[in-house]
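If you look up Swiss-Prot, you'll see GLY30, ALA31, ASN32, GLY33, SER34, GLY35, LYS36, THR37 marked as ATP binding site, on the strength of sequence analysis.
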Amino acid sequence: MSLRRIMVTAVRNLHPVTLLPSPRINILYGANGSGKTSVLEAVHLLGLARSFRSTRLNPVIQYEQAACTVFGEVQLTEGGTSNLGVSRERQGEFTIRIDGQNARSAAQLAELLPLQLINPDSFRLLEGAPKIRRQFLDWGVFHVEPRFLPAWQRLQKALRQRNSWLRHGTLDPASQAAWDRELCLASAEIDEYRRNYIKALKPVFERTLSELVELDGLTLSYYRGWDKDRELQEVLASSLLRDQQMGHTQAGPQRADLRLRLAGNNAADILSRGQQKLVVCALRIAQGHLVSQARRGHCIYLVDDLPSELDDQHRRALCRLLEELRCQVFITCVDHELLREGWQTETPVALFHVEQGRITQTHDHRE
């Protein structure tokens with residue numbers, strides 16, 4: 001799938017604009033602070049109903065405006081189109097509409113418009129807390145395994161019940177045992193989906209990484225959140241007293257992690273910033289391949305400041321891999337001359353100059 005049309009109103013410093021992007025490569029260039037990243041933020045808002053720059057949405061709404069709105073016309077892989085719209089009012093009301101109907105949740109947006117973000121904060125995937133890697137993992141599982149979301153919702157409900165009981169002791173023994181059973185059943189299902197996903201992801205990631213950079217010995221492994229040699233029911237029973245003292249459940253899928261190691265060390269501790277960026281890109285591109293295989297569709301990639309941290313050789317390699325995905329890509333940079341070479345002649349490339357919030361489409365640099 002791809003975005004055929006994007007309409008943006010009152011998002012940060014952007015002037016109201018309607019964009020007709022290329023179904024493949026789109027390059028947004030201009031000076032720092034011109035609004036390039038805000039375009040990516042608008043697309044992200046359309047696909048996930050949240051910003052990647054702020055946990056609060058009020059800063060996204062343009063000064064002295066009551067609301068921001070993003071509308072998108074999506075070209076579906078199987079043919080036809082779907083119309084998506086999100087609107088956020090300054091008072092807090094959030095509206096999501098799909099083909100003229102109010103959506104039940106942001107998950108419906110995510111399913112229709114699978115987005116991959118690569119930006120300066122992407123290093124957190126390697127350096128940050130396990131929660132960030134779980135989000136990466138679960139994004140991938142969500143898009144290839146339709147049974148994942150109901151199982152994840154069951155897990156969250158069981159965890160809330162158990163944690164409430166641990167803090168307040170409000171459940172009788174029979175109810176406590178019932179919720180523990182539900183927690184274990186949902187956990188086993190989640191663990192199975194995650195393990196299957198990592199099994200499929202690893203060879204694609206390794207192949208993709210090898211085309212970007214030589215990092216012999218880099219390993220990707222999955223920790224499920226409790227001892228691999230013990231049943232979760234046994235672990236919960238043995239840690240009950242400590243769980244009560246802590247007020248939450250310490251073992252289970254909510255503690256899962258992905259581990260990237262090189263020469264026995266955490267990869268983030270020994271890789272350069274450029275190498276870390278390439279590892280993250282390889283992970284994101286590998287996910288895109290799996291989405292294509294499972295859904296017969298494509299992710300949309302948002303790549304903020306692609307040239308940073310990379311020399312010419314690695315920039316070209318990354319662009320080639322993004323091009324080979326045959327998906328829609330939005331790339332920001334200060335100087336588009338850094339990205340002018342390397343695209344195949346038949347690949348449609350659109351250029352957009354961004355200056356003080358105004359966006360102007362310019363000629364394909366190959367013409």
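Including glycine, each Cβ sits where the backbone N, Cα and C put it.
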Residues within 8 Å of the GLY30, ALA31, ASN32, GLY33, SER34, GLY35, LYS36, THR37 Cβ centre (excluding the ATP site residues themselves): THR332, VAL334, VAL354, GLU355
For ASN32 (ATP binding site), the number of other Cβ atoms found within 10 Å of its own Cβ: 8
LYS36 (ATP binding site) CB neighbourhood, other CB atoms within 10 A: 27
Tertiary neighbours of SER34 (ATP binding site) (same chain, Cβ under 8 Å, six or more apart): VAL354, GLU355, GLN356, GLY357
Fewest other C-beta atoms within 10 angstroms, as judged across GLY30, GLY33, GLY35, which are the binding-site residues: GLY33
